[in-house]
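Have a look at the structure that comes next, please.
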Amino acid sequence: MLPLTTLSLYVSLLSPAAAGVLASPNLPIKLPISPAQGHRSSPSLISRNGNGNGFIRASVHAAHGAPRKLRQRQEDEGLKNQNLGTTYTIDIDIGTPPQTVTLILDTGSPDLWVNPQCETSGQEKYCNSFRQFDYTKSKTIQDTGAADILKYGKGNVTIEYVTDDVIIGSAKIKSQILGIGFESIDIPLGILGLSPSVSPDGQSPYPYLLDSMASQGIISSRAFSLDLRSIDNPSGAIIFGGVDLGKFSGSLAKVPMLDPSQTPSGVDRYWIVLSGVGMTYPDGEEVESEEIGVPVFLDSGGTLSRLPETIFQAIGDSFPGSQYDSESGFYVVDCAVAEQAGSVDFLFGSSTSANKKIRVPYGDFIWELQTGVCVVGVLPTDDEPVFGDSFLRAAYVVFDQDNRNLHLAQAANCGEQIVEIGSGQDAVPSSTGKCKDGSAGSTKTAGGGGLDVTATRAPTRTAGGSGPAVTNSDFGPGPAGTRVSTGGIGLPTGTGGGGGSEGGNGNDDDDSAASGLDVGVTAAAVLAGLNMLIVWLL
C-alpha cells in the first residue's frame, strides 16, 4: 500500500488546481488517440422528419498515399483504409474554428480522444504525417478538470478531458467531452470510440459521442451502420442513424448482443454468438463445422481476428498450401492464394433463430504483413475472441446500442439507397439489400461436421527457416482494456476560453481554457506516474 506521506508528496508537487484534479473522487479512465489532415466539403444532414432527426452524409476522400483511385460516394461519412489495411480512419472537425483530425474508428472502445505522442507511437513517421489538434486555438474549448489513463489491447494514453464542439459531416455535436492526449505508447492516431461503456459497473462516466448525437436530436437512436470495404478498395463508410441498402446482399439478420455476464471477460462489448465456421474452396466445395456457441465481439480497431485455438488451427490448416510458423504464430500462405475464389465462412444464429452466413473472401482474410509475405488474418486466443478488420471487411453491420442488437449481412456494392434508423424496439428496418447474392455455385458437403473446429490438431505443414518479422507497430490498438478511475467526470469548470459561445473572445488572453489544460498536463503526467507506482508497490 502507498504510504500517506508519499501520496502527499506527489500532491504537493502540483498547483492547487492540479492537486484538485488528482484528489477528485470523480476521476474516470478511457481509451483514445488522434491526428489530422486535409479538409472535406461540408455536405448536409438529411432530415427525415420535422424534429431534425436523420442521418449524416458526407463525401469520401482518398487517404494520403492510397494506392488505388477512390470512387466518390455520398450519403455517408468516409472511412479511410490506412496503412495497408491495418486500421480504418475517419476525419472529423473539432473546435472553433474547426480543425480537421484523422482518427481510428473503433467499435472496441467508447472514448473519443486526440493527440497521440508520435515519438513513442511505434510509427513516428506515419503519426507525424497527420496534424494534431491545437487546443489553444479553439474558442469553444472548456477544461473539465479531470484526467485519466486509458489502456487498450495494444498501447495506452494519458488524457485530460475537455469539452468542445465536434463536427461529423455537417452535424455539429455541441460541448462533447473528449480527451486531449499528453502521453501515449504504441498508438499512432487518435481514436473515435463507439462501443458501449467498458466500465466494470456498465455505467458510462459521461455521455459518449453516440449518446450525444442521439440526445441532441442528430440521430433518432444510438445506432450506426459500418461498411469497411475490402483492402482493394481503400474506402468504406459509416452512417450514423442510417442503413445503406446498396451496400449488402440478402437480408439483415438480427443477432442479440450478449449480456456481459455471458461473456468471457464480463465487459460490455458488441458480443454475439458465433454458431459455426466453414470453408468454401476455390473449386466450389463447401464444408461446415457442427453447431458451436462461441462468444465473439466485433472490433473495428483491431487489425486481425482472434479466435479459440482449435478454430484458429482449423482455419489456418484449411488454406491452400498454408504453413504454420511457430516463431510468429501465423499460418503463412503464398500471396497468390489471395487471388483465388475461396472464402472463410462464419455462421450466426441457429435453427431456432435468424441464421446468417458471412463469407470472407481469401483476399480479405489474408494479410500482406510485409511485401511478398502473406499470412492468414487470424491468431489464437481463448480469452476474448474477437472479429477484427479481417472479418469486418466482408460484413455489413448495423450496431444498435439502444436495443442491444447487431444486424448482419454480406457486404456488397451496387449503388446507394439510404434509409433512416428510427427509434423504439424496431428502430432498425427489416431490410433486404439491393445487391445480388454472389454465393451461388457452391457444392456444400452433406450436413455439418465436415470441418472439425473442436479438436486440437498438429499443423499439417510447418514453415522452415525464419518466419515473418512481426512487431506491435503492425497492429491496430485493439479493444479497450482497463481505466484507472471508474467514476463519472464533473461538468466543465468554465476556466475561460470560448465560454461555450462561438462568437466569444476565446483564447485572446492568457487566462484561457488552454492555461487550465497546461496545468492539466502536469496533473495527467503525475497521475500516470502515481498510478504506476501504486500498482508496483501493491
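Each Cβ is built from the backbone N, Cα and C atoms, and glycine gets one as well.
Checked TrEMBL, it gives:
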type	residues	note
COMPBIAS	454-463	compositional bias 'Low complexity'
COMPBIAS	487-506	compositional bias 'Gly residues'
DISULFID	C335-C374	disulfide bond
DOMAIN	88-409	domain 'Peptidase A1'
REGION	425-512	region 'Disordered'
SIGNAL	1-23	signal peptide
Go through the chain and flag residues at least 6 beyond the ends of the compositional bias 'Low complexity' (454-463) whose CB is under 8 A from any CB in it; none is fine as an answer.
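Residues packing against the compositional bias 'Low complexity' (454-463) from afar: 289-290, 292, 309-310, 313-314, 316-317, 321-326, 331-332.
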Suppose you look only at the domain 'Peptidase A1' (88-409); what would the mean pLDDT be?
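Across the residues of the domain 'Peptidase A1' (88-409) the model's pLDDT averages 92 on the 0 to 100 scale.
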Return the residue, from the listed disulfide-bonded residues C335, C374, with the maximum count of other C-beta atoms within 10 angstroms of its C-beta.
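Of C335, C374, the one with the most crowded Cβ is C374.
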